[in-house]
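**Q** The annotation ATP binding site is assigned in TrEMBL to A:25-30, A:Asp49, A:57-60, A:Lys73, A:96-97, A:118-123. Residues annotated as compositional bias 'Polar residues' in TrEMBL: A:530-544. Marked as compositional bias 'Acidic residues' by TrEMBL: A:548-561, A:598-609. Annotation source TrEMBL lists compositional bias 'Low complexity' at A:562-572. What TrEMBL lists as domain 'Ubiquitin/SUMO-activating enzyme ubiquitin-like' is A:446-502. What TrEMBL lists as region 'Disordered' is A:514-609.
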Amino acid sequence: MAQLVGPLRKELADSLSSCRVLVVGAGGIGCELLKNLVLTGFKNIEVIDLDTIDVSNLNRQFLFQKKHVGKSKAQVAKESVLRFCPSANITAYHDSIMNPDYNVEFFRNFQLVMNALDNRAARNHVNRMCLAADIPLIESGTAGYLGQVTVIKKGQTECYECQPKPTQKTFPGCTIRNTPSEPIHCIVWAKYLFNQLFGEEDADQEVSPDTADPEVAWNPADAAARATASNKDGDIKRVSTKEWARSTGYDPVKLFNKVQLFKDDIMYLLTMDKLWKKRKAPLPLDWTEIHQLESSQEEAFGTGLKDQQVLGVQGYAQLFHRSVETLRSQLIEKGEGAELVWDKDDPPAMDFVTAAANLRMNVFSMNMKSRFDVKSMAGNIIPAIATTNAVIAGLIVLEALKTLNSDFDQCRTVNLQCCSFHVGVIGLVQILTLAVFAFDCLRNVFPVIGPSVQVSMKTTSVSNNNKFLSDFGIRNGSRLQADDFLQDYTLLVNLIHSEELEKDVEFEVVGDAPDKAPVSSVPEEGKNIANGNKDSAQPSTSSKAAAEDDDVLIVDSDEEPSSSTMETSLESSNRKRKHHDADTDDAASKRKRLDQQPADDDEDIIALD
Amino acid sequence: LALALSRPRGEDNIISEEEAAQYDRQIRLWGLDAQKRLRGSRVLLVGLRGLGAEVAKNLILAGVKGLTLLDHEQVTEESRRAQFLIPVDADGQNQAQASLERAQLLNPMVEVKVDTDAVESKPDDFFFQFDAVCLTRCSKDLMVRVDQLCASRNIKVFCGDVYGYHGYMFSDLGQEHHYVEEKPKVVKGSNEANDGPEAKKGKVDPNETTMVKKTISFCSLKEALEVDWTNEKAKSSLKRTPADYFLLQVLLKFRTDKGRDPQPDSFAEDSQLFLQIRDDVLETMGLSSELLPNTFVSYCFSEMAPVCAVVGGVLGQELVKALSQRDAPHRNFFFFDGLKGSGVVDYFGSK
């Protein structure tokens, strides 16, 4: 007869009390998860979160109270849990999981990692670290009434990045600048305007009319002509929005009348008559005219939230005026060369976007939106409640119990070969050259005959390429994709920067080679070139230098946060790159062969979109 | 046919700045009107163990007007370990009383009260002061009685329990439960002179939504538990019937006969009794014991915390839906099997 400890069989209860788990995130899911873990019997828990507590968290992050607003989530969560379970052994980190201090060795301390995150960059990162450390990961997420839980275990299930994830929606520049048709276009425009006026100017965030819009021209040749013209003119005549604003002393009325805010630039847009053949034309607003109109009855406060009111044009014009003045003061206070960063929770910044977006909506005959609605869209707010998080966190723990029992077939994910093969440490991306990377490093997995590289759509020859990986924008955490010419096999390589390799070691390979050997029509010849891979030797190259084995490396840039010091040390299976002399003739002869290859190697590159 | 949505019960119709800030993320989900209805609702919660604590947390965070925690039992080491509201030094105190302080701290804007009486001893009119009642750890007879007297007064009735890895929730929202659903609005193209053919003619406008009114009816708990399995129609639906429904019947009988739930301390004895009751109950229903294999036994003891979280989450959300009269409710059972990780919504009772 089984022995029970509470609801659990004794063996399970015992294994729980000795196991160590990591919870990444102490927010909506994290609070519920910590509570479930300790009540279930987990004793050793580490929790990490970089965030502090906000009042809007309190409707669901129940370990926090109003008095904790501003404090570290991880820290307060730990303290709250200890109050009902003092015997729990909890370590809290007020830090980002992407900090290189949390290296593979750190992850290897745990039997299980559970994500409770709200952004893709961190999820990708934890995914890669768990794969590198070979620790099971339970991934989860919630939004509104929906949520999901997935178990990720290297070699048993897909990883988080095996399936492509939809990227955030973006809008074409001409829609934002010339022909907005939905409130979101006006809101995006207003945020761009904020940056142009008060923040970091970005060439991709232009707010003025776009003369290069292909729709503007009556014939294509005209469009091309306009495009070149505007580029030329731009350098000479056009003054940046910010400089112009400064020159007027950020006069709200001048801003209003000029910057597409609502008069001059609108009138300029109107001259692009083709745009308005099939669309309703924008109606410019003039500051003085607005205020001469009888003030329209503002909608009664009524029973809604103050923020849910929709004002009239005058109301938003006034809001615009007030917010510009406040933001101007903020800029002055910050001093010379200051820049403001837009934040939905900063009232004047939010007021500015509300006002500017609504005025633009009015110009383009759209129904205006309340501050409440604008804030949702501008701030990408995801509605959230306690119950969804409670359910998901409950499911996470149930999956955790199965995982610890190694019941992967009971887990919810599909068994697929994972996408990733890791090249673990690339010591110092500033030092490793492209040539060495392509020839020596990748050769461990893949015979590389005449690789060429496509970096941001530009093809670069690899032979004798002494440019450093970092010159191509490759950095810690970058992911590269290698395809063989026949697109038969795709290899995803995660690069992790390290400064802690042994002397003379330029890189280390972590992880298993892929099962499938690339297609090769040449017989095995000469020396085994594999550098200590577990797998059997890859066929070496032959003098035939078959064109079909060309590889293309594509640099895939990830959204990495701006804060990242470039240090990660990895402990991997000890594979060292042999010294050149040890590699002997094979390397030398191969290189020689390749040097002789014609430059039209490049023709064999597979085009990227 | 006039569908009468009951008025928001709030004494004042204004949401304060403090509430707006705290409830922001949920107002953005279910709307201000729903939040006001919650704000005007009083709820009775019976039983403050693992499941009860989860429901209490969820309702308090949602922002109901008042929540009464009713429990006559005392804190034991086992009961304290099952939930997160009771302080470590509270052994011997009343369970509801011990939970009060932490419950109140979850949201000072909710009136949290305690009642230490046994629910069986309460007179009928005690229940009439509430808009919804949620019964956990109650006997079948008590639940049937409370359900009968509440449903006729438009008081929403919920029952729920967690037994080891298994849990269930039942709801009776009355003969006529009115609610609304938010649906996207279909925008028709306009015919103004200076508009050309607009790209959006006839398309669904994601920015505009409309509220659709609906009505749904529920049967009583008595009917739901007294399904006749001997007729042909019932027999044919047996394959699709979750075993958890029968597990519930067995556990309710155990509770009635023993006056308590299966306890880890008396595992051997209680397991035997459980199997015996299973045989009796299924035989009375005219069904085979095979519907509930012996393996069920060892997974029905105490309360699994994650199962309390799942069932408490669903139950909490059903209460929110019923009180706010928004979104389609589950009808009328939700069963959760923590071993399989499967949740099922199913209807039992007269159609």
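Quick reminder: no glycine exception, Cβ is built from N, Cα and C everywhere.
Annotations in TrEMBL come from automatic prediction, not curation.
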**Q** For the binding-site residues A:Gly25, A:Asp49, A:Asn59, A:Asn119, A:Ala122, which ones lie near chain B, with a CB less than 8 A from one of its CB atoms?
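**A** Contact set vs B: A:Asn59.
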**Q** Per residue, counting other C-beta atoms within 10 angstroms of the C-beta, which of the binding-site residues A:Asn59, A:Ser96, A:Asn119 reaches the highest number?
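**A** Checking each of A:Asn59, A:Ser96, A:Asn119, the winner is A:Asn59.
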**Q** What is the average pLDDT across the domain 'Ubiquitin/SUMO-activating enzyme ubiquitin-like' (A:446-502)?
**A** 57
**Q** Counting every protein chain present, what is the number of Cβ atoms, excluding its own, within 10 Å of the Cβ of A:Ala122 (ATP binding site)?
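**A** A:Ala122 (ATP binding site) is surrounded by 18 other Cβ atoms within 10 Å.
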**Q** Which ones in the same chain are close to A:Gly28 (ATP binding site), with CB under 8 Å and 6+ residues apart in sequence?
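**A** Counting only residues 6 or more apart in sequence, the Cβ neighbours of A:Gly28 (ATP binding site) under 8 Å are A:Asn57, A:Arg60, A:Gln61, A:Ala116, A:Asp118, A:Thr142, A:Ala384, A:Ala386, A:Asn389.
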**Q** Using DSSP and three states only, what is A:Asn119 (ATP binding site)?
**A** coil
